[in-house]
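Asker: Take a look at what TrEMBL says about it:
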type	residues	note
TRANSMEM	62-80	transmembrane segment
TRANSMEM	92-117	transmembrane segment
TRANSMEM	129-149	transmembrane segment
TRANSMEM	161-181	transmembrane segment
TRANSMEM	230-253	transmembrane segment
TRANSMEM	273-291	transmembrane segment
Amino acid sequence: LTTYLLILLGVAFFTLLERKALGYFQIRKGPNKVGIIGIPQPLADALKLFVKEWVMPAHSNYLPFILTPTIMLILALSLWQLFPSFMLSSQMIFGMLLFLCISSLAVYTTLMTGWASNSKYALLGAIRAMAQTISYEVTMTLIIIFYLFLMMQMDIVTIRLINFSMPTITLSLPLAIMWMAVILAETNRAPFDFAEGESELVSGFNVEYGGAGFAFLFMAEYSNILMMSLLTACMLTGTLLMSAPMAIMFLWARATLPRYRYDLLMAMAWKSFLPVSLTILLMSTPLMFIMM
């Protein structure tokens, strides 16, 4: 329970960091009115969202509409079971398998969010986000399988320790660069934020949500960003300290990169990333087994 509370607190202040960072990127201050230099701002935002009335669209599917944001947040928080604590005593032998299973389930919640709203814009946004997530899920799985073969381990703590003694990023730089693009697309972040960024879709799959429902979806998204940052740090560098620069990379991408085009995004997933990652995996796996 303490872990989850700390994660939610981290998510809250990560949103503040993002707003401050975007402010300074755009040569302005960012939130600075609440408390000392705006530090309690996330608490004020949370209070505002949770005391608002939960407005239900007239023709929405009542139960899925209410339950889906909660399920999405539970799935996002359950990913943190990979890191129950930073002590080596609490290891999960098939931790990466759990990660792949839960990240695949998250797609269903996105679709349910759009469908339950009974709004054409929300449904279109959900289908678009789902197609994007599924497309990049394939490449993400292949890259993870490559690293699992390289380490011969499925436990994230052991993978981190092996990486600390031998940084594998030097062996797999093309995959590492692809991984950065994949996690941006997988978390629906800029420059691949088509789920909420298109003007014709208003706000994407969460357009009908306000108050606590929106807060849950928002917390799930930012929890996934922090999770991906930590996973990247463990898989590529072997030190948890690198998770902070990885998280800042998400903010940097949002501040500097223009939005990509949707057809080019899909072409990149299926015509570039998938063949390259599959080729690297098929060529390197026999070599690994020969060298063992």
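Glycine is treated like the rest: Cβ placed from N, Cα and C.
Just so it is clear, the model here is predicted, and its values are computed rather than measured.
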Asker: As a test: from 62-80, 92-117, 129-149, 230-253, pick the stretch that has the greatest number of Cβ pairs under 8 Å with the transmembrane segment (273-291).
Answerer: 129-149
Asker: Same-chain Cβ contacts of the transmembrane segment (62-80) under 8 Å, 6 or more residues past its ends?
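Answerer: Contacts of the transmembrane segment (62-80) (Cβ under 8 Å, skipping residues fewer than 6 from its ends): 3-4, 7, 54, 56, 99, 102-103, 105-106, 109-110, 112-113, 115-117, 208-209, 212-214, 216-217, 219-221, 223-224, 227.
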Asker: What residues in the same chain, six or more past the boundaries of the transmembrane segment (230-253), come closer than 8 Å to it by Cβ-Cβ distance?
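Answerer: Same-chain contacts beyond the flanks: 14, 17-18, 21-22, 82-83, 86, 99, 144, 147, 156, 159-165, 167-169, 176, 179-180, 183-184, 187, 189-191.
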